[in-house]
Amino acid sequence: MWNTFHELMKQSIYCPRPNRTCSGDYSSLYYGDTPAIVSFISCSLSLLGSLITVLPYLLWKDTRTGIRRIITFLAVADFFTAASYIMGNINFYIYKHNSKTAGINTACNYFDQICEVQSYISSWASYSSFWWTSILALYLYWTVVKGDIKKGERYFPLYHVLSWGSPMLAMVPLLVTNSLGYSYVAAAGWCFIRGSRFDSSLQYAQLDFEDIVKILAGGKAFEIGTYAWVLLMYGAIHCNIRKKVSFNKKDQTPTSINGGVSVLLRQIQKKLYFIPAAFIILRMWGTIQFIVSIFVFNFRKVNQDGCIEKGYRDLYFSLAILQCIGDGAQGWVNCILYIFWSPKIRQRLILNPLSNCCYHVATQILPTTSRHSSALSPVNSPSPKSVFVSVQHVGEEDGGPKENRGGVEGEQEGTSALLQTFSREEDEERVPLIASEKT
């Protein structure tokens, strides 16, 4: 139901009520400070991890492959997600402090204004993160299964429209109907979808059909759909890799192009398992809490004093802790997957600067020794051997066309892009060897 601006301003504001006295088999649904602290730590790590994930794309042109571009934009979405959750944690603590000094009503008005903004940003950023996660799965499918890396790159303008624009439009109806705000369905003081039948005493606490639809529209339905999508895409990728490996098992000689590609794909197959597994494990706790909330609030597990049965309260608290870790953790987990597990990027971004720093520190501490060992300095030392040569470039040197040619060569090109992101350096060295045998 659409409301006028005047009607929106007249609606009652619902804010958390930490001070609640419960007795018997009931306890307060207030979680205390632990979930907020856990959320703040996890989200802070994600802010740092997202910034680190973006750096390779900004620093080095040779890393700006299609896969790395998607990972970079995914990191941007995760950055805004973590930042909005930190905003919610800070707003909650300010509310608690002001409610003791300025009064509960004054503090609640201020809290509710910031709460709506935080709810909109976090929902938009999460939507965008789901989009980029789905796009990455589709891109890898095109690269590995279809051997057509150019097809995925052709639709980047559409990716941006879907990932950044569609979440903004999806959240507008919830914003204008005053549906964004504080709710016990969310953890750690975050703001999400306010229940239409929640009041300050929780006497009429209930998630009715309208509330469930709003929560699903606020990103939960798309999140569940993303679970299914990534499982489908990565399942197809793994089946395709196993099929290729099995088909070429008798032909894995040093001069076999098909056999070499299959060996390389098999070596990165295990790492591809972690991408959907990490996403689902991190995000599923909020989905489980949503399902539990429907049961708790619709089957009257909350009494008229706003207290919940202790067993359900303990379950809620456990899910809240896991949700606080998982929902804000995608930034630092993706940093581990795409930076620290990529030796080439890790070497250039972290190990080489540390090595240079240690060398210069050593020359300051031991200047005499450094003069005798100047030949070993990073400046005078020979450049390291290239560990990655794109099959596409090898083909161009032979006069071949630049566009994707499909078949085995398409598989080689797609494999090269995957290896640059996921595999070991010694695996990457085998790509030009395979191509040279062809020539």
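Each Cβ is built from the backbone N, Cα and C atoms, and glycine gets one as well.
Keep in mind that what you see is a predicted model, and the values were worked out from it rather than measured.
Feature annotation from TrEMBL assigns compositional bias 'Basic and acidic residues' to 394-408.
The annotation compositional bias 'Polar residues' is assigned in TrEMBL to 413-422.
Taken from TrEMBL, the feature domain 'G-protein coupled receptors family 2 profile 2' applies to 35-193.
Per TrEMBL, the feature region 'Disordered' maps to 393-439.
Same-chain neighbours of the transmembrane segment (36-59): 68-69, 71-72, 75-76, 78-79, 81-83, 85-86, 89, 92-93, 187-190, 321, 324-336, 338-339, 345, 348-349, counting only residues six or more beyond its ends whose CB sits under 8 Å from a CB of the stretch. Annotated transmembrane segment per TrEMBL: 36-59 (among others), in sequence order.
Long-range neighbours of the transmembrane segment (71-95) within the same chain, counting only residues 6 or more positions beyond its ends whose Cβ lies under 8 Å from a Cβ of the stretch, are 15-16, 36, 39-40, 42-44, 46-47, 49-51, 53-54, 57, 107-108, 110-111, 114-115, 117-118, 121-122, 124-126, 128-129, 131-133, 136, 159-160, 163, 188-191, 327-328, 330-331, 334-335, 338, 421. Sequence annotations record features per position, and here TrEMBL assigns transmembrane segment to 71-95 (among others).
Residues annotated as transmembrane segment in TrEMBL: 124-144 (among others).
The transmembrane segment annotation in TrEMBL covers 156-176 (among others).
The annotation transmembrane segment is assigned in TrEMBL to 224-241 (among others).
Residues annotated as transmembrane segment in TrEMBL: 272-296 (among others). Counting same-chain residues at least six beyond the ends of the transmembrane segment (272-296), those with a Cβ under 8 angstroms from any Cβ of the stretch are 133, 136-137, 140, 184-185, 187, 207, 212, 215, 220, 223-224, 226-227, 230-231, 234, 237-238, 302, 308, 312, 315-316, 319-320, 322-323, 325-327, 329-330, 333-334, 337, 422.
What TrEMBL lists as transmembrane segment is 316-341 (among others). Nonlocal intrachain contacts for the transmembrane segment (316-341), taken as residues 6+ away from its ends with a CB within less than 8 angstroms of a stretch CB, comprise 29, 31, 34-36, 38-39, 42-43, 45-50, 52-53, 56, 71, 74-75, 78-79, 81-82, 85, 126, 129, 187-188, 271, 274-275, 278-279, 281-286, 288-289, 292, 296, 308, 349, 421-422.
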